[in-house]
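Trainee: Straight from TrEMBL, here's the annotation block:
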- 68-88: transmembrane segment (TRANSMEM)
- 100-120: transmembrane segment (TRANSMEM)
- 154-174: transmembrane segment (TRANSMEM)
- 186-219: transmembrane segment (TRANSMEM)
- 240-261: transmembrane segment (TRANSMEM)
- 296-359: domain 'MIR' (DOMAIN)
- 370-427: domain 'MIR' (DOMAIN)
- 584-606: transmembrane segment (TRANSMEM)
- 626-644: transmembrane segment (TRANSMEM)
- 650-668: transmembrane segment (TRANSMEM)
- 680-700: transmembrane segment (TRANSMEM)
Amino acid sequence: MLGFLRKPVVVTAEINVNLVALTVLGLTSRLWGLSYPRAVVFDEVYYGQFVSLYMKRIFFVDDSGPPFGHMLLALGGYLGGFDGNFLWNRIGAEYSMNVPVWSLRLLPAVAGALCVPLAYQILVELHFSHCAALGAALLILLENSLITQSRFMLLESILIFFILLAVLSYLRFYNLQRHRSFSCSWWFWLLLTGVACSCAVGVKYMGLFTYMLLLATAGLHFWHMIGDQSFSNVSLMCHFLARALALIILPLALYLSFFYLHLTLLYRSGPHDQIMTSAFQASLEGGLARITQGQPLEVAYGSQITLRNVLGKPVQCWLHSHTNTYPIRYENGRGSSHQQQVTCYPFKDVNNWWIVKDPGMQQLVVSNPPRPVRHGHIVQLVHGITTRYLNTHDVAAPLSPHAQEVSCYIDYNISMPAQNLWRVEIVNRESDTDVWKTILSEVRFVHLNTSAVLKATHSCLSLQLSGASLPEWGYRQLEVVGEKLSKGHHQSMLWNVEEHRYGRSQEQKEREVELHSPTQMDISKNLSFMAKFTELQWKILTLKTEDTEHKYSSSALDWITMDTNIAYWLHPTSGAQIHLLGNVVTWASANAAALAYVCLSLWYLVRRRRRIWDTAEDAWQRWVSAGGIALGGWAVNYLPFFLMEKTLFLYHYLPALTFQILLIPVVLQHLSDHLCRSLLLQSMFSALLVAWFSSVYFVYCTFSPVTYGQPSLSGAELKDLRWKENWNILIRRQ
């Protein structure tokens, strides 16, 4: 029974020495001197803030993309024991001793290093020679710009890693398709494709470009399978469902999980949550939750409330009034009602409190039991401090003459009666009998007499051009109007109750004391994950920070010829500095390879149309597949930037460049196999390759001092590195 123990257990394994060597070289080139410089380098000042917020569990919103990449950077900080205490306010600032610089930069560096063996394996899976694959890997290894970008706390190297992993995984899956469908390895590589695509999109939305490319490639391959009679209908359906599961459903589920983890980690209130809705803010620990904890849920007649505009940008603001009146005449000569001003005020203030009144009763307190306000009910809104009623009439608003002025009514004994009845419309209601709820309900107030809708005008295009703030007489507060030509439910017309209490004091002096006191009643207002995800995702997609011209910003056209660079870091006393600069020979070769591929492909297509076959069918298919991945990857990661209205930098081109570099050995092997037919031509071609690769290595070594930041160069040496007039190599004055 135990006879098997008489023989030793033997495990055999195949080790690809090329892959091992390339991985070691990649790690060496990216990890060497990783803690240098021990100072904030370029966009580390941006991403470091988010790492600190993760360490402190403080909520934030970054409009640059999803949270997965930020969480990976924060993981490095967590593994290094970072407590989040560092002021990220200046590029070049020296890191304090509590900042684990090596740990924070480790994951981007490892990701950048692993791109080297990934490039090798992608060429192998495209059925090119190991020599061509080795060439692709070495070009990635010696690309100065990729080295620089991967050695700091930045996201591009992580993005490129997941992009290449997705491409490799799909190619491995596709190559297993014919003979090992639905095997364990087949499922592994298919599922890994979906995981890598989701991770790429989760790091930066630029990953979506490669994801769409792979989806299109998978769709094309499946279209060819449909025409293959060897597949039965049941088999085709199984293949389709497997691809849908792995390439669509799984990435979506993983993408949601990134946000779930993000929201789970960041449960504390912070400075960024003010752009979120009141309901979202109330779900965070501290901040608004501390103020609103225990408020009544249902708004009733007699409720004392503050009304926050749902739009929340460019700043959050609350419906507000004060004793000052509109001027009799504005600067342009138009007249006003001279009624009490109503504005939207971007700070919490006692003058933000309003009382919900039943028009048929005089009392300003909540009855027992409370009478809740429902969708469609008519109410009056009484300003808590001045006791004047919210009113609008056919008088032009001060900054928006197409809309009605909104005021608190003062009886001047003239022929302008009060018009202070408003219909409550709950926009996000589930039924027409819904009760108006604190924080949760988004409400429109429709004026009964004129059908105008209460609106904060800080989102209007006209006001963005002229300034949304009222003049000095309005204390630079934001304008509120009655919008007569309202279509749809724009967020500037929506309001939600943020702070809420049941009014108990009928006398005005007692009521003022009550309005100054905190609320203290129990009710829970937790949002579901999907509600929080939807809101956060919408904010990320729509929140636009003001784009300003940057010293090192560039256009997409500058990238191809590398007519620009970025100074990442400068030593405060010596000439040591770090620049984002590529390997000139590699960039020029990549452009030449792309041009050669397009020209050769057009030539072959024309000749194939004439029934002239210059290459065997398997070589042609290999050529087309490689171009679809390499040239297609370059195109989808580069061309969209011509349509983007945002500040662009050279590092945006690196994913496209990586694909273009993969095209170089593809074209070189094709030229060697199909054009260099004689022994003499092959020898000459090999000699040229050696000379060309030597020049790649020479340029890498030449620019290594500004890639790694050491050794320090003299002014003359730095001047010699300025190979193009547009390159901003910094030379200190002696």
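Including glycine, each Cβ sits where the backbone N, Cα and C put it.
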Trainee: Counting Cβ pairs under 8 Å that sit 6 or more residues apart, are there three or more between the transmembrane segment (626-644) and the transmembrane segment (240-261)?
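Mentor: Contact criterion not met.
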Trainee: Could you give the residue numbers and ranges of same-chain residues that sit at least 6 residues beyond the transmembrane segment (68-88) on either side and whose C-beta is under 8 angstroms from one of its C-beta atoms?
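Mentor: Non-local partners: 40, 44-56, 62, 95-96, 98-100, 102-108, 153, 155, 158-159, 199, 202-204, 258, 261-262, 265.
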Trainee: Same chain, outside the transmembrane segment (186-219) by at least 6, Cβ under 8 Å from its Cβ: which residues?
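Mentor: For the transmembrane segment (186-219), the far contacts come to 64-69, 72, 155-156, 158-159, 162-163, 165-167, 169-170, 172-173, 176-177, 180, 242-243, 246-248, 250-252, 254-255, 258, 628-629, 632-633, 636-637, 640, 652, 655.
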Trainee: Could you tell me how many residues in the domain 'MIR' (296-359) are helical, how many are strand and how many are coil under DSSP?
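Mentor: The composition, in the requested order, is 3 helix, 30 strand, 31 coil.
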Trainee: Note the mean pLDDT of the domain 'MIR' (296-359), expressed as a whole number.
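Mentor: Per the prediction, mean pLDDT sits at 89 for the domain 'MIR' (296-359).
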